[in-house]
Amino acid sequence: MGDVEKGKKIFVQKCAQCHTVEKGGKHKTGPNLHGLFGRKTGQAVGFSYTDANKNKGITWGEETLMEYLENPKKYIPGTKMIFAGIKKKGERADLIAYLKKATNE
C-alpha cells in the first residue's frame, strides 16, 4: 500500500487540474472521482464519457487503477483523458492510496 500524503501531493500536481474527489464535487475536464472504487468505467453521473470508457466494462480498484494510471490511452484506447501516465509504480501506489481514502470520505 502506498503513502497517502505522498499520494495527495501527486494528485495536486498531476490530477487536480481536471478532477475533484470530494462528495458532491463538480466535474471539471475529467469526472469527479468520489465513489471511484467499486464503480465501473464511464459511470460517474452527469459526466459525458467516450464510448471507449463506457464500454471498457472493468470495475475500478487497486489493480485496475495501477494498470490504467501507468498508461491511460493504452489501457482504454479512445479515452479523452490526455494524461501520459505515471511510470513509477511507487508513485502510482501512493496516488491510489490517496484516492482510496479521499474518494470515500
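For all residues, glycine too, the Cβ spot is worked out from N, Cα and C.
What Swiss-Prot records for this protein:
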{"type": "BINDING", "residues": "CYS15, CYS18, HIS19, MET81", "note": "heme c binding site"}
{"type": "MOD_RES", "residues": "GLY2", "note": "N-acetylglycine"}
{"type": "MOD_RES", "residues": "TYR49", "note": "phosphotyrosine"}
{"type": "MOD_RES", "residues": "LYS56", "note": "N6-succinyllysine"}
{"type": "MOD_RES", "residues": "LYS73", "note": "N6-succinyllysine"}
{"type": "MOD_RES", "residues": "LYS73", "note": "N6-acetyllysine"}
{"type": "MOD_RES", "residues": "TYR98", "note": "phosphotyrosine"}
{"type": "MOD_RES", "residues": "LYS100", "note": "N6-acetyllysine"}
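Sequence features, as recorded in Swiss-Prot, placed on the structure.
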{"residue": "GLY2", "record": "N-acetylglycine", "contacts (Cβ under 8 Å, 6+ apart)": "GLY90, ARG92, ALA93, ASP94, LEU95, ILE96, ALA97, TYR98"}
{"residue": "CYS15", "record": "heme c binding site", "contacts (Cβ under 8 Å, 6+ apart)": "GLY30, PHE83, LEU95"}
{"residue": "CYS18", "record": "heme c binding site", "contacts (Cβ under 8 Å, 6+ apart)": "LYS28, THR29, GLY30, MET81, PHE83"}
{"residue": "HIS19", "record": "heme c binding site", "contacts (Cβ under 8 Å, 6+ apart)": "PHE11, LYS28, GLY30, PRO31, ASN32, LEU33"}
{"residue": "TYR49", "record": "phosphotyrosine", "contacts (Cβ under 8 Å, 6+ apart)": "PRO31, THR41, GLY42"}
{"residue": "LYS56", "record": "N6-succinyllysine", "contacts (Cβ under 8 Å, 6+ apart)": "THR41, GLY42, ILE76"}
{"residue": "LYS73", "record": "N6-succinyllysine", "contacts (Cβ under 8 Å, 6+ apart)": "THR79, MET81, GLY85"}
{"residue": "LYS100", "record": "N6-acetyllysine", "contacts (Cβ under 8 Å, 6+ apart)": "PHE37, GLU62"}
Near the heme c site, what residues other than CYS15, CYS18, HIS19, MET81 in the same chain have a C-beta no further than 8 Å from the centroid of the listed C-beta atoms?
LYS14, ALA16, GLN17, LYS28, THR29, GLY30, LEU33, PHE83
Among residues CYS15, CYS18, HIS19, MET81 annotated as binding heme c, what is the maximum Cα-Cα distance? Answer in Å.
11
Could you say which of the recorded positions MET81, TYR98 has its Cβ with the most other Cβ atoms inside 10 Å?
TYR98
